[in-house]
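**Q** The structure's right below; bear with me while I get my questions together.
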Amino acid sequence: MTEKKYIVALDQGTTSSRAVVMDHDANIISVSQREFEQIYPKPGWVEHDPMEIWATQSSTLVEVLAKADISSDQIAAIGITNQRETTIVWEKETGKPIYNAIVWQCRRTAEICEHLKRDGMEEYIRNNTGLVIDPYFSGTKVKWILDHVEGSRERARRGELLFGTVDTWLIWKMTQGRVHVTDYTNASRTMLFNIHTLDWDDKMLEVLDIPREMLPEVRRSSEVYGQTNIGGKGGTRIPISGIAGDQQAALFGQLCVKEGMAKNTYGTGCFMLMNTGEKAVKSENGLLTTIACGPTGEVNYALEGAVFMAGASIQWLRDEMKLINDAYDSEYFATKVQNTNGVYVVPAFTGLGAPYWDPYARGAIFGLTRGVNANHIIRATLESIAYQTRDVLEAMQADSGIRLHALRVDGGAVANNFLMQFQSDILGTRVERPEVREVTALGAAYLAGLAVGFWQNLDELQEKAVIEREFRPGIETTERNYRYAGWKKAVKRAMAWEEHDE
C-alpha cells in the first residue's frame, strides 16, 4: 500500500509563524504556531528580527510533522504564504541580515515618499506599479536600509547583498542559499515592479537608487522553485512549489480565479480583493491594482481595497469602552435590539483607508438621543464593518464595471452571524462563508499541490470547496439605500477632523 501524501503550507504572518498540514481532501491534519517579537525602536517604526522569523518558521515545520505523526517523505510539496511588503536585506556569503526586517506597518520612510510626490512620481507609480506612494510598500524601505547601513549600496552593486520579501528570505534559508526567487504577487507589492511588463522597473530602481543586482528572480506563483530537507539533515528532498502574498493566497484559497470573483478578509482591518482577469484595471476610486493568481498560478490582476478598522473596532468596544467582555459577545448584544436607533459609529481611529484615504478623519458616533443604550452602540459598531466593505465594493464596481454576484468571506469576524447577515443586507448580494476557515494557508497549499500534480486541476479543487453557510439579503432596496445614505453622511462629518484651520 502506498503511503498517504500531504501538503504543508507555511503561513508567515505579522505576529506569528504557522505551519499547516493538509491532506488530499483539503482537510487540516495539524497546525503549529509560534509568535515572535515585535520591535518598536521609535514611534511609528516597526521591525522584526529576520533570524527569529526563520527560527520560528523552521521550528513550526518540524513541529507540525511531529504533531501529525508523519514523516518528511510523505510531504508532496511545500507552499509559502507571507506578510507582504516586509523588507529584508542580507549578505549573500554569510546569509546574515545587515539590518532588521522593516515591517509593512512601519512609517519611517514617509519623508522619502514626500520627496517622490514632490518629484511628480505619483502618476508614473500608479500607472506602472499599480500602487500609490506610501511607506507601506517595500521600495522606500530598501532605499532606507541602503541609505543608513554604511557601504551597503556599493556592496549591493558588487552582488554581495540580496533583497527579498519574507517569501524570498524563507526560500533562501530553506535551500541553503541556492535559490533567490519571489513570485509575481509579492513583487507587485514592492513599488519596484512593473505589473505590465512583469519585470523590475528600471526607472523606479534609478529613482530609489536600488541596484538591480540585489533583486530576486520573479516567477509564477505555482511551480517548483527548489527543494529543501526538513530538519536540514540528509533525508527526503521536498519541492517548494507555491508562493503567494497573504491576501492573494486567500483569494486563491477561496477559488476566486475568474474575472469578477471577490473575497473579503475580516481581520484587524479588512482586505477586499476582486479578480479582474487578464486586465489590469487602473483605479480612479482610491484602490490598488495588484497581481493575483490565475487558474494555474499564472498572472491575473486584481483590485484591492484596505479598511483599517474592522476587528480592531470590536477590540475597542471590549478594551477601551468595556461594553463587552469578549469579541464573541458582540453578536449577542447586537441582536438584543431591533436596530441602531439611528446611531452610526465611524471607527476612523487612525484615519480612513480605501476609498477615502483621509489620514485626518477621526472616530465619531452620530445620532445619539436619550433612548440610545450600549446595545445600540455595539450594533452600530458591527454595522460599520459592513458599511466600510460596501464603500470598497462600490469603488471596485465603478472601476471594473463588474457587478458582484457573491462575496466570499474569511477571517476571524466571519464567525459573527449577525455581521455576515447585515453584510449581505447592505451589499444586496450573497455572502458565502466556507467550511475551511484557513483560506490563506489553503491558497498556498493549492498552488504548491497543483505544481507537482498532487491535485490535477481547479475542477478537482472546486469539488473540495464547501460553503458552510450562505447569507442572502433580507431587506428591500429602498431600506438598504436609506441606511447606506446615513452612513455616507456620518463619514462625511468625520472626515478632515484633525486638519487644523489656518
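Start at 1 and count along the chain as shown; that gives each residue its number.
Placement of Cβ uses the backbone N, Cα and C atoms for every residue, glycine included.
Bear in mind that the values here come from a model prediction, so they are computed numbers and not experimental data.
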**Q** Out of Y124, Y136, Y301, which does Swiss-Prot tie to the same sn-glycerol 3-phosphate site as T14, R84, E85, D246?
**A** Y136
**Q** For the binding-site residues T14, S16, which Cβ has the most other Cβ atoms within 10 Å, all shown protein chains included?
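**A** Sorting the candidates by Cβ neighbours within 10 Å, the top entry is T14.
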**Q** What's the CA to CA span in angstrom from Y136 (sn-glycerol 3-phosphate binding site) over to T14 (ADP binding site)?
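**A** The Cα atom of Y136 (sn-glycerol 3-phosphate binding site) is 13 Å away from the Cα atom of T14 (ADP binding site).
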**Q** Near E85 (sn-glycerol 3-phosphate binding site), which residues of its chain come within a Cβ-Cβ distance under 8 Å, counting only those 6 or more away in sequence?
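**A** The answer is W104, Y136, F137, S138, K141, T165, R189, T190.
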**Q** Closest of the binding-site residues to R18 (ADP binding site), Cα to Cα, picking from R84, D246, Q247, Q315?
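**A** Out of the listed candidates, the nearest Cα belongs to D246.
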**Q** Record lists T14, R18, T268, G311, G412, N416 as binding ADP; longest Cα-Cα distance in Å?
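**A** Across T14, R18, T268, G311, G412, N416, the two farthest Cα atoms sit 24 Å apart.
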**Q** Which value in Å gives the longest Cα to Cα span across the glycerol site residues R84, E85, Y136, D246, Q247 as recorded?
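**A** Largest pairwise Cα separation, rounded: 15 Å.
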